[in-house]
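K.L.:
Here it is, the structure, as structure tokens.
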Amino acid sequence: NTSWAVGVVVYAGRETKAMLNNAGTPTKRSRLETHMNRETLFLSGILIVLCSAVATLSGVWLRTHQTDLELAQFFHKKDYLKVGKEDNENYNYYGIAAQIVFNFLMAVIVFQIMIPISLYISMELVRLGQAYFMIRDAKLYDASSDSRFQCRALNINEDLGQVKCVFSDKTGTLTQNKMEFRCASIDGVDYSDVAPQRPVEGEPAWVPKVPVKVDREVMELVRNGGATEQGMNAGEFFLALATCNTIVPLIIDGPDPKKKVIDYQGESPDEQALVSAAAAYGFVLVERSSGHIVIDVLGQKQRFDVLGLHEFDSDRKRMSVIIGCPDKTIKLFVKGADSSMFGIIDKTLNPDVVQATEKHLHSYSSVGLRTLVIGVRELSQSEFQEWQMAYEKASTALLGRGNLLRSVAANIERNMRLLGASGVEDKLQDGVPEAIEKLREAGIKVWVLTGDKQETAISIGYSCKLLTRDMTQIVINSNSRESCRKSLDDAISMVNKLRSLSTDSQSRVPLALIIDGNSLVYIFDTDREEKLFEVAIACDVVLCCRVAPLQKAGIVDLIKKRTSDMTLAIGDGTFFVSN
């Protein structure tokens, strides 16, 4: 009711994202407790029926013997000690209706022993004892953090011994989530020789908090090969690592006052490792604001304007940034998974480099490294203005904003020139191979669901003893619906054939199913979950690679909805819900 307004507050209070996403704390009950509650409710129903029957029959008896109640022991209507007085009526009798209620309550007192209240108390004492022994277990002690096992819930302890299938993420669950830059492929040249990697000589002014071993050949190429094409490509490669990210640099005090230590803070450990590697090779990200970043390029500070940013998402599997360089050029840097990047790379520019990079990526993933592909394209002023108009229109749309932004990103992320690829190592946590081996010996099936490419996932599977050499691998890696259907049918035929050949469970050939995210998309879209379930349940190990978080949730539901086995899901906790 005003002619003008200073501002409008929207999406506040209960309409904020945090409140809308808050579905409340779920109640966790063990299977035994659920069974006890169900039995208790059943016994309570029997108690009510029994007491109602007793009360009803007592009412019938009272009505039938209504005239004889004077002689009954507990139903005197008159007080014969006070005969002739006014209060000699209703001495010990309140009518049939009241007596029915009294008899019902008396029956409850008589039959209430059938409700197992003491069993609940005994179960709580047992759980308390279990929690005590688990907390005091010396083998459940972590010396690095000086911490013991913590039992935060007493009502699900007994479910641990009933788990038959474990779903586990890889990053941060099987691995330490501490990324270390190991090698790179720049302009088709492989720099993966670990032997010459050692600290570089000299006194750098900026030092990343996480130490990085550098390759002397690459450092020499970056410092002294700027005039050559290979040197320029190497400089652009590390410039892309320093700019295409969402890392925030923090300058902290170090032991040497002459050197400035930079702590890179960010959501992704991969980005932290890549930015630290770029800093170690002379491209140091030293400042970030809302509209620009400052990079110390080989000792000279340069300002780069951040003109646009498309963040990483699970659909595109890549991120891009539009940078305004000091020489007034506009460059688009893109990094992402190889399955996503090679579709937007212009392979006619340098086909030899593309083929060499693909071979290097295969070798990196074969040794368990996490790989990323980096590309670049120089934008004209008209291309940038066209993108800017489309981006502003998409970012202010009220409906379908996410799809519009992805469409804008896809239109600009094309005809890229391949710069190279990176290899980052994420080491396994201590004791993971032994733990998985013990789980398999106990008859517990282990499923690993990861977003890494197939070669990386298989390499990690062998290193953590999830996969063994005596296993028969069933690989489903399809690029079309028809080929996926054929691969699934072939897998079912192989499972049935092996079942018919091995009648003894001890001599049965162990099976391992390896399936990628593209195949899962085709399977879930065409309602072939039953066939996938038939194959997966017959395998001892299932390894899913290149899967998004929503696909991980779908895989867990695939088992939960079709079997009564107890499952344990670890990782990506917002989607993983154990049975």
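Glycine residues also receive a Cβ, built from the backbone N, Cα and C atoms like all the rest.
Take a look at what TrEMBL says about it:
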type: ACT_SITE; residues: Asp169; note: active site, 4-aspartylphosphate intermediate
type: BINDING; residues: Asp169, Thr171, Asp572; note: Mg(2+) binding site
type: BINDING; residues: Asp169, Lys170, Thr171, Glu271, Phe312, Lys335, Arg370, Thr450, Gly451, Asp452, Arg546, Lys552; note: ATP binding site
type: TRANSMEM; residues: 41-62; note: transmembrane segment
type: TRANSMEM; residues: 96-121; note: transmembrane segment
K.L.:
Can you tell me how far the Cα of Thr171 (Mg(2+) binding site) sits from the Cα of Gly451 (ATP binding site), in Å?
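P.N.:
The Cα atom of Thr171 (Mg(2+) binding site) is 9 Å away from the Cα atom of Gly451 (ATP binding site).
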K.L.:
Between Arg370, Arg546, which of the binding-site residues has the fewest other CB atoms within 10 angstroms in the structure shown?
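P.N.:
Counting other Cβ atoms within 10 Å of each of the binding-site residues Arg370, Arg546, the minimum falls on Arg546.
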K.L.:
Using a Cβ-Cβ cut-off of under 8 Å, list the residues of the same chain that are 6+ residues beyond the ends of the transmembrane segment (41-62) and lie near it.
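P.N.:
Non-local partners: 69, 75, 96, 99-101, 103-104, 107-108, 111-112, 114-116.
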K.L.:
Measure the Cβ-based neighbour count of Thr171 (Mg(2+) binding site), defined as the other Cβ atoms within 10 Å of its Cβ.
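P.N.:
The answer is 19.
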K.L.:
Using Cβ-Cβ distances, find the residues under 8 Å from Gly451 (ATP binding site) that belong to the same chain and are at least 6 apart in sequence, listing them in sequence order.
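P.N.:
Within the chain, Gly451 (ATP binding site) has Cβ neighbours under 8 Å at Thr171, Gly517, Cys545, Arg546, Val547, Ala548.
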K.L.:
Tell me the Cα distance separating the residue listed as 'active site, 4-aspartylphosphate intermediate' from Phe312 (ATP binding site), rounded to the nearest angstrom.
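P.N.:
Computed Cα spacing between Phe312 (ATP binding site) and the residue listed as 'active site, 4-aspartylphosphate intermediate' is 19 Å.
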K.L.:
How many Å separate the Cα atoms of Arg370 (ATP binding site) and Asp169 (active site, 4-aspartylphosphate intermediate)?
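P.N.:
About 15 Å separates the two Cα atoms.
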K.L.:
How many Å separate the two farthest-apart Cα atoms among the ATP-binding residues Asp169, Lys170, Thr171, Glu271, Phe312, Lys335, Arg370, Thr450, Gly451, Asp452, Arg546, Lys552?
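P.N.:
Between the outermost Cα atoms of Asp169, Lys170, Thr171, Glu271, Phe312, Lys335, Arg370, Thr450, Gly451, Asp452, Arg546, Lys552, the distance is 24 Å.
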